[in-house]
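Annotated features in TrEMBL:
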type     : residues : note
TRANSMEM : 17-38    : transmembrane segment
TRANSMEM : 97-116   : transmembrane segment
TRANSMEM : 168-201  : transmembrane segment
TRANSMEM : 222-247  : transmembrane segment
TRANSMEM : 259-277  : transmembrane segment
TRANSMEM : 289-305  : transmembrane segment
TRANSMEM : 311-331  : transmembrane segment
TRANSMEM : 338-358  : transmembrane segment
TRANSMEM : 364-382  : transmembrane segment
Amino acid sequence: MQITTKNSTSCDPFDTGFWSVSAWTVGVALLIGIFTIIRWSDWNYGYDLGIFSQVVYNVPRGFVDQPEFGTHFHYHFAPILAVLWPIMALFKSPLVLQWAAIVLVCAATPMLYVLFRPYTDERTSVRIALCSLFNPFLYSQAFNEFHELCFLPVLAIALLWALDRERWVVASILAVLLFCVREDAAITGIVALLVVTVLAWRQSRIPGTDRRGLLLGEPLHARTAMSVSLLLACTGTLIIGAYFAYAKAYLGGWEPATFYRYSFASTPLGVVVALFLQPTQSWPTLATIGRAGYLFEALICTLFLPVRSRWLFLALPGLAIVLLANSIGVWRIGAQYALLWVPWLMVAFGEAVIRIAPDARGRWFLGCASVLAAIALVGNPLHLGTYLRPSYGDLADARRALARVGNVALSTHDEWQTHISVVDPLANSVLSPTSQWFVYASDYPNKRFQTIIKPEIERMVRDGVIRVVAQYGNVVIYRRIAATKSL
């Protein structure tokens, strides 16, 4: 094993390798940025971006949005979204959030280089960082619709960096920010801090001061590291505990609990307990080919190297949160939930790499690069063929119809609502009973619309609840009969 220095604070990471990694990162970010502009111009960003655009725009009004019929806190504890409010208030465009996603996700790559550079040579550090940059579970989230989890990768890696370099104040700030990303993200951070606590406690019981650094399980000042990480873990537990108590008492419960409802359990903790107390019921339900395939995809991107590392424990909570969910949309490559575990897994990958003999690392990196290239060519999670085309054949009709209605309480297609979600904060992608106006294309190419929403609209017309006001091509404007505004 080759380690550049035993003192993880003595190496300046901002060397040629850092700028090389940064150049690669900027290149990838610019490419995804081009794809983002095309996708936005084609009105092909859907439901989630519309939600978060209104949530961020309405930060001063309690993080509310129309599709969720109230505050986003009913679904997730995400006060970190407030940091994006100034730029959203300035530019008033959902595109701001997509640019933020690119910056946040891509920023994890140079941060990973900085974390590992004191522990190994420049070339190895560069390769570790690039394997992270081209991991499909990570880069796909720079192009996916914005989610608050985009904050997690860079904060998770930066937190470990601060603990490793013994920047205790910085670590405290980063930990609190991480706890404010989302409640499930906070749980992964709390577990990571507890792992650091245990490692530091074990080292504190070993005499001597010749320690190699936190990433190798040997924090330089073990007692201090133990105290700080334990204090931060307790702080995170109090914050998230208070959120769950508030959600139960005032918000009607934690809505994502529906992802963990089975015949044998109805809460995330209940599912975990059932794995041990009700194995005959839980395991046949949860041990599926789909979940196994997801786990295989996650590990094959790193050639299973993380299983050699003690830091794999950091990725387990995120993987459990994903794999125990009852929705196939959670455990698929390209879904945002991968951000709960992928940064921790890349740390485990990097630590496993630096333990490999230097002359053997090249073969491992070549194998990893081959797998990542194959995935990018054969099963690219960006799905460019789907997203780099218009969501509807005649967007000009859609623009005319929405412009005629103006800033009112309206319901429309997911992609259309997203596009106007800030200029019309009352716009909803749900067929809401509070909407007074409705703008829909009768030939919209969406199965859910054709089978559920369109028949309901036709029923409302027959029953005299709404009536047709205007039509542009196949795009129809409806008005609720009780509405008083005229066009």
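Cβ atoms are placed via backbone N, Cα and C, with glycine included.
Curation plays no part in TrEMBL annotations; they are all automatic predictions.
Counting Cβ pairs under 8 Å that are 6 or more residues apart, the transmembrane segment (311-331) and the transmembrane segment (168-201) reach 3 or more and are in contact.
Within the chain carrying the transmembrane segment (222-247), a Cβ under 8 angstroms from the stretch's Cβ atoms is held by residues 73-74, 77, 163, 166, 168, 171-172, 175-176, 178-180, 183, 186-187, 189-190, 193-194, 196-197, 200-201, 203-204, 211, 214, 253-254, all 6 or more beyond its ends. Stretch with the largest number of CB pairs closer than 8 A to the transmembrane segment (289-305), among 17-38, 259-277, 338-358: 338-358. Same-chain residues lying 6+ beyond the ends of the transmembrane segment (17-38) with a Cβ under 8 Å from its Cβ atoms: 95, 98-99, 102-103, 106-107, 109-110, 113-114, 117, 122-123, 125-126, 129-130, 133-134, 139, 142-143, 382, 384, 387-388.
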